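As recorded in TrEMBL, the features of this protein are as follows:
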| type | residues | note |
| --- | --- | --- |
| COILED | 244-271 | coiled coil |
| DOMAIN | 55-488 | domain 'Major facilitator superfamily (MFS) profile' |
| TRANSMEM | 51-80 | transmembrane segment |
| TRANSMEM | 92-108 | transmembrane segment |
| TRANSMEM | 120-138 | transmembrane segment |
| TRANSMEM | 150-168 | transmembrane segment |
| TRANSMEM | 180-200 | transmembrane segment |
| TRANSMEM | 212-231 | transmembrane segment |
| TRANSMEM | 337-359 | transmembrane segment |
| TRANSMEM | 366-390 | transmembrane segment |
| TRANSMEM | 396-422 | transmembrane segment |
| TRANSMEM | 460-484 | transmembrane segment |
Amino acid sequence: MGLQENGNGLGGKNKYRRMESDGAEDEDVVLTNNGQQEELNGIKNNQTGRFVFACAVFASLNSVLLGYDVGVMSGAIIFIKEDLKISEVQEEVLVGILSIISLLGSLAGGKTSDVIGRKWTIAFASLLFQCGAGIMALAPNFTALMIGRLFAGVGIGFGLMIAPVYIAEISPSASRGSLTSFPEIFINLGILLGYVSNYVFSGLSAHINWRIMLGVGIIPSVFIGFALCVIPESPRWLVMQNRIEEARLVLSKTNESEREVEERLAEIELAAGVANTDKDEAKAVWRELLYPSPGVRRMLITGCGIQCFQQITGIDATVYYSPTIFKDAGMTDNTHILAATVAVGFAKTTFILVAILLIDKLGRKPLLYISTIGMTICLFGLSFTLSFLGDGKLGAGLAILAVCGNVSFFSIGIGPICWVLSSEIFPLRLRAQASALGGVGSRVSSGLVSMSFLTVSRAITVGGTFFIFAMISALSVVFVHTCVPETKGKSLEQIELLFQNEGEWQRAEVAEVELADVERLVPKE
């Protein structure tokens, strides 16, 4: 009997031996089961991380298009002027109008994403840009070029608005900061590709090279078609459409345990219930944004303010007109100038990767301090160099160094964190429209700076223009200190609570510092 029970194979263990061992075997079984569970959890975590990472990458592909356009136009404009014989005013309009037009896409993007979903808004943005890039590449004159610019700009506006919103809504809290920075990474990658394209095709005739440069921008958007087969819809949008089971399925792919799935789903349903109640009561979201409560007002100041400071410190002017800057510093050969812009692109792209590594470890606010202070120093240095050390090898070298430093500090902080904050500080019912509003501020600021750079530089010199940018950058340091809370590690719903009471985030930050001090003092076992 005992022999039979020993050999019956049930559980692989014999009950008599377990009794005789006084519980030792039970403990082994428990430890074995725990080890298996930990291994399964590890596999689940890896699968979840890879899936969320893939979603963030594919959602960010539209950002390559913006970056490529910014980078390639800086060099293409040299040959467009030669081929189409456009004036300096037309050059400013052609370069800067993209940012102004893109605000149309950003404004429409909020409503569109609420109606057709985040995923298909990404697809629509790509389609519009493809049309614009094709028209620009074939443009026989300035008018056709502007029509293509119109389509491309609206598509970019949609893409800029929707990518960080989608990523923020699909990402776990612990990795949301780095993942929401992906659009900025891809913008920088696009800028670098644009610079490289300028350098590679600059040897062709002026009638052909700029057309190829602009036409190559169609290629990244092809991959977005494949992305639509991979990425799911935002779980928060699905809940707002009462598609709860679909939302649960998506959350199960983006969270590490069933408990986390149910907790996140409950939080989203609660937030969506408020949004749907407001909708049922016909309370317009735009009315709430135009006549905000104190908490929403603080959100708008933070979100829209950081978007404006990102642009009025002159980053797009630096990138678009880097050939003009280097010419003013004494460089004359177009090939050498375009090679210098490639160096700028490498610097900008490299340091955005540093930001991704640090944003969820060091936090948003410390990186913003490093970024804005560093940009201020570099802009003052560039202004001094162009004003007093130009027309020589020393001036050219220092100008390249200052421009590379400026874009590097931009990429390590205010560049990516601007989009992270804008996508995570607003409540669900306002997130799409408020992010669109912040995007409008960014695009208008960028357009005004880009469209006035040559005119202002002619009036007060290029060095004087960058002195103004340096002063604005110094003001951005003050803005970060007074208006930006730390959102690292907090859920979207917890971040909303930070803005409900004035000074709440300062108390939260003090508490976090005190907790960190205690953790350092308590010895680890």
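Just so you know, the numbers here start at 1 and follow the chain as drawn.
Cβ atoms here come from the backbone N, Cα and C positions, even for glycine.
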* With pairs 6 or more apart in sequence, are the transmembrane segment (337-359) and the transmembrane segment (92-108) linked by at least 3 Cβ pairs under 8 Å? -> no
* Go through 51-80, 92-108, 150-168, 366-390, 460-484 and flag the stretch with the largest number of C-beta pairs under 8 Å relative to the transmembrane segment (120-138). => 150-168
* Asked: Given the transmembrane segment (150-168), which of the listed stretches 51-80, 92-108, 180-200 has the most Cβ pairs that are under 8 Å apart from it?
  -> 92-108
